[in-house]
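Report on the structure given below.
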């Protein structure tokens, strides 16, 4: 009587995870460069747009989770209508982020408004999509298998986002500027002015067009993935509900969720490990360019990380099935530690850097897969403790996404403040020694410390393999 999902259903479900990763990767790696060098905004206003956009993005997750919990079931389901109706508006707002309006004033508000609108609409897609895990099957093993498919496609989405945006706008990066430490300030100002004039007259229009072409390609992929998801996946109401279900208000449910010990311990552990990998991700380009001196190899090194992560997702799915999810956490996430130490201690070496990139990708795969594989176990444990409460799946997923985005904002703030304090030179050909030391800390020492702290917190996580089996049997009895 075991309920099995077809491979086609798992693939269609997995494809739905690509839009969030493709757009997020493109924005994460290229939006700051675009605002400064293409839209030519003042760095202060660019930082406001980035920080406010990230903060608003985090706030929208619990808001959308609240509205989803109040949504009634339709013939399409309760979650699928959110995915379908948000898609076209999200694509339009995403395209407008990469458009330079022909207005002398108000550009800051243009980018701030459309960036926040897009973050809201992509949240309306991603939160219900994440909660959909609980409505495709009632079998833990089937949900875990579908999650592995999803993580493979999502990591592949980061590769696509990097490759599409990087290849189309790869020539849009402005030449570096010699540091005033090595040439006179007057000459530096003249060089800056001449460089900006050449950039404006020669390639700025082509650069703007390249960004819009990339936005169009990514928007088309967003729509295609949403169509495949909505056509190939059926949302099953009976997969999540128990016989004794009674409706409970959102705020009562939120209180119950936040008092659930297993959920808080899982969130705390992944909060620190996620922050470690986000610090590494956010500063790896600068580290390769300035500290290691591989300015022309950054895209290839980043591609090595993403391809390694994509190819090792199936391995981690097998590992957690064979040895358990907690063991996969300890082995998978800690495997990056010796390589992070190696890249900071050893002299600049391209081969060593590629080895570190592949090893980091293996850990990134584990960090991608395990939270989404372990959250359904926490929800099942919650249902056993609160059998009369239902409809809170979106709260679990939305607040997990909220905390991960919060760590993203924290990592961005830490990096920006640290590099600014160290004397970072914008678009400089070289950086002071203090900046290189700071970058080593941000991609090595600090992530290692955060990973170790997160692994210590995972010792408190109570759901091991034996507990999972008991919960599965108890849920079958309740249904």
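Just so you know, glycine gets a Cβ as well, placed from its N, Cα and C.
Those TrEMBL annotations? Automatic predictions, nothing curated.
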Please find, within the list 186-209, 210-233, the residue stretch that TrEMBL describes as transmembrane segment. 210-233
Quick test of your reading of TrEMBL: among 79-101, 148-170, where does it put transmembrane segment? 79-101
When you check the transmembrane segment (12-35) against the transmembrane segment (210-233), do you get at least 3 Cβ pairs under 8 Å, counting only pairs 6 or more apart in sequence? yes
Distal contacts, the transmembrane segment (210-233) - CB-CB under 8 A, six or more residues away: 8-9, 11-13, 15-16, 18-19, 22-23, 26, 30, 34, 38, 76, 80, 83-84, 87-88, 90-91, 94-95, 97-99, 125, 129, 132, 136, 160-161, 164-165, 168-169, 171-172
Contact count check, CB pairs under 8 angstroms to the transmembrane segment (300-320), set 108-129, 262-280, 327-345, 351-373, 437-461; argmax is 351-373
Across 108-129, 262-280, 437-461, the most C-beta pairs under 8 Å with the transmembrane segment (351-373) come from 262-280
If you count Cβ pairs under 8 Å, which stretch among 79-101, 327-345, 437-461 touches the transmembrane segment (108-129) the most? 79-101
